[in-house]
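The transmembrane segment annotation in TrEMBL covers 51-78, 123-148. Look at TrEMBL and you will find ASP119, ASP133 tagged as active site.
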Amino acid sequence: MKKWCVWAGTALAWFVADLATKQWALASLSPGEKKPVLGNLLSIQLVFNPGAAFSFLASHTWVFTIVAGVACIVVALFTRKVDSLQLTLALGMLEAGAAGNLVDRLFRQPYHGQGQVVDFINYADFFVGNVADIAIVLSVLWLALLGLRGKEESK
């Protein structure tokens, strides 16, 4: 039960942070308008992304809706079998990131699983993301490090 609470609390914290920052971006920014934060390295810019990173497969939004939904289910089920606190925390972050972008795809225009994800953190004009993306990237890096560490310990 304690492990589930840690996982759910982590997921909920990141999920709420993602939704709150997206609402802030929608209320405070005009689409496309760029506001520098750290010169050209980091800026705030509201965009609506129908695809994945770099607007990959933008015309196939439904694919990402299905993948995110399946990911949420698989992560939740897998977490039940996990004993490691670090793995539990990383999986909570992954759950939140997948769920945050899934909510956009389900409930933002044009709706019905084809909604556009609200992105607003512009990284040097390389790509624009959101808090859910940060949670996904950090969790994947953390999981990779845990996996590498596990292989080293088993030698």
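In case you wondered, yes, glycine gets a Cβ from its N, Cα and C as well.
With a 10 A radius on its CB, ASP133 (active site) counts 22 other CB atoms from all the protein chains. Put simply, ASP133 (active site) is 9 Å from ASP119 (active site) when counted between their Cα atoms.
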